[in-house]
Amino acid sequence: MAGAFDFDLEKNPPVVQSTADNSSDGAVPGETFTYGDSTYAKIQRLAAELNIEQRGIERVPAAEQTDTSVFNIGSMWLAANMVVSSFAIGVLGKSVYSLGFVDAILTVLFFNLLGIMTVCFFSCFGPFGLRQMVFSRLWFGWYVTKGFAVLNILACLGWSAANAIVGAQMLHAVNSDVPGFAAILIISICTLLVTFAGYKVVHLYEYWSWIPTFIVFMIILGTFAHSGDFQNIPMGVGTSEMGSVLSFGSAVYGFATGWTSYAADYTVYQPANRSKRKIFLSTWLGLIVPLLFVEMLGVAVMTATDIKGSKYDVGYATSGNGGLIAAVLQPLGGFGDFCLVILALSIVANNCPNFYSVALTVQVLSRYAQRVPRFIWTLFGTGVSIAIAIPGYSHFETVLENFMNFIAYWLAIYSAIAIMDHFVFKRGFSGYVVENFDKREKLPVGIAATIAFGFGVAGMITGMSQPWYVGPIARHAAGGDVGFELGFAFAAFSYLCLRPFEIKFFGR
């Protein structure tokens with residue numbers, strides 16, 4: 001394999017005699033961040049001395065797109081999903097939706113295949129040199145993108161909190177004297193140390209971190225298979241089964257598609273001439289392998305709780321996912337505890353994209369926010385995530401289920417509008433005038449996107465199924481959640497109808 005990290009990203013000298021870039025493509029060379037005597041420049045010079053990535057949402061020049069390894073793309077998502085959070089999604093099949101083994105496995109398979117497609121698709125836009133939310137301006141316009149940025153910030157923070165709770169459960173299962181808030185702090189601070197440094201360190205960490213986690217999951221698989229405690233819970237029948245499959249599928253889809261809104265953030269240093277097919281395939285492999293393996297493992301292990309009073313049942317009731325896995329590893333003694341610690345720390349790989357991208361997304365909100373260096377926003381986002389995770393620790397299942405559905409809803413609408421615009425109105429990658437990304441007068445007005453979003457929300461409401469509300473179409477689907485499917489369909493159809501009028505009246 002070619003050297004994956006033989007490139008040098010943004011390690012700029014502390015003082016560079018240069019002027020701002022005046023090229024027509026809007027790209028900003030890295031050395032310009034340290035030019036001048038402003039507070040911003042001084043902070044950036046300090047960052048350069050510490051080898052911290054200085055670039056925020058500024059477009060990456062072609063000369064700095066030196067990440068030539070395709071494996072860096074796949075390993076990013078391989079590590080981010082080869083984690084205990086994926087295991088927790090599989091557990092929901094029985095714990096929340098009361099599915100049997102085979103139907104839960106099939107749901108995991110098909111909804112993951114559907115959910116990852118948009119992540120693979122949007123990863124292909126990174127070589128344009130723009131972060132995902134910045135590139136979104138070319139679909140939604142200057143102001144509408146800010147609304148999606150707010151949703152993306154909520155998604156990043158929510159993901160970070162939910163994942164930290166899973167890791168905290170693992171640490172609590174190892175040592176019950178470790179309170180939930182302390183475990184959340186440990187995991188969040190470890191993640192901050194990686195993401196604070198920036199793109200190169202994030203990719204370097206993700207490149208290797210999946211290996212020990214994969215080994216631990218193989219140990220869990222082997223130990224559980226040897227125990228003979230697997231229970232082949234039969235499939236359900238009738239309309240209630242359909243409702244459970246659709247609702248669990250929505251949660252699985254939400255987890256798989258959750259990276260959609262910042263997929264391009266992790267391919268911006270790929271060369272501009274990188275094959276879109278290679279990016280798509282590398283992303284697909286990096287996602288589908290860990291998602292299917294770990295979620296299906298979670299489905300299988302959770303079947304053992306069907307025996308009431310068993311160590312699995314007691315462990316899950318006491319310490320959630322951590323207690324369940326601890327029950328599997330119990331025969332291994334102290335080595336089993338070591339494996340639990342490895343799994344707890346796997347959350348760092350899971351949360352790196354969230355901590356890194358939340359900072360970039362905040363910068364999209366205003367010029368003032370962009371003037372605050374990325375790494376400072378990363379620090380701020382970490383604090384907010386901790387504040388969300390600690391009170392949510394004791395209500396994890398409810399938090400996770402509701403959050404997965406929220407992710408599925410809004411990302412389905414976002415994807416529908418962007419995909420329709422790409423294939424119908426831009427007619428492929430050649431139809432973009434990327435240089436207009438920061439020229440609001442040349443971007444779409446956003447009226448069509450706004451109305452389409454409203455229609456998407458209407459579709460979502462009619463199809464959603466939550467404890468506090470069940471939409472009329474969901475009721476006809478046996479209470480199954482079809483919110484993301486209807487949100488996508490309503491948004492796509494309405495955008496196709498409205499966008500031609502927007503182009504006709506505004507010319508953009």
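Glycine is no exception: its Cβ is also placed from the backbone N, Cα and C atoms.
In terms of which side of the membrane each occupies, Swiss-Prot places GLU58 apart from PRO467.
Here the transmembrane segment (405-425) does not lie next to the transmembrane segment (324-344) in space: the count of CB pairs under 8 Å, restricted to residues six or more apart, is fewer than 3. Across 105-125, 244-264, 279-299, the stretch most heavily in contact with the transmembrane segment (73-93), judged by Cβ pairs under 8 Å, is 279-299. Most Cβ pairs within less than 8 Å of the transmembrane segment (178-198), among stretches 105-125, 244-264, 324-344, 375-395, 443-463, belong to 375-395. Proximity of distant same-chain residues to the transmembrane segment (105-125), defined by a Cβ-Cβ separation under 8 Å and at least 6 residues beyond the stretch ends, is recorded for 73, 77, 89-90, 93, 99, 132, 135, 245, 248-250, 252-257, 259-261, 263-264, 266-267, 276, 279-281, 283-284, 287-288, 291-292, 295-296, 299, 411, 415, 418-419, 429. Mapped onto DSSP helix, strand and coil, the topological domain 'Cytoplasmic' (126-147) counts 17 helix, 0 strand, 5 coil. Counting Cβ pairs closer than 8 Å to the transmembrane segment (201-221), the top stretch among 244-264, 279-299, 324-344, 443-463 is 324-344.
Sequence-distant neighbours of the transmembrane segment (443-463) (same chain, 6+ residues past either end, Cβ-Cβ under 8 Å): 137-145, 147, 409, 412-413, 416-417, 436-437, 469, 471-474, 477, 481-495, 498-499, 501-502, 506, 508.
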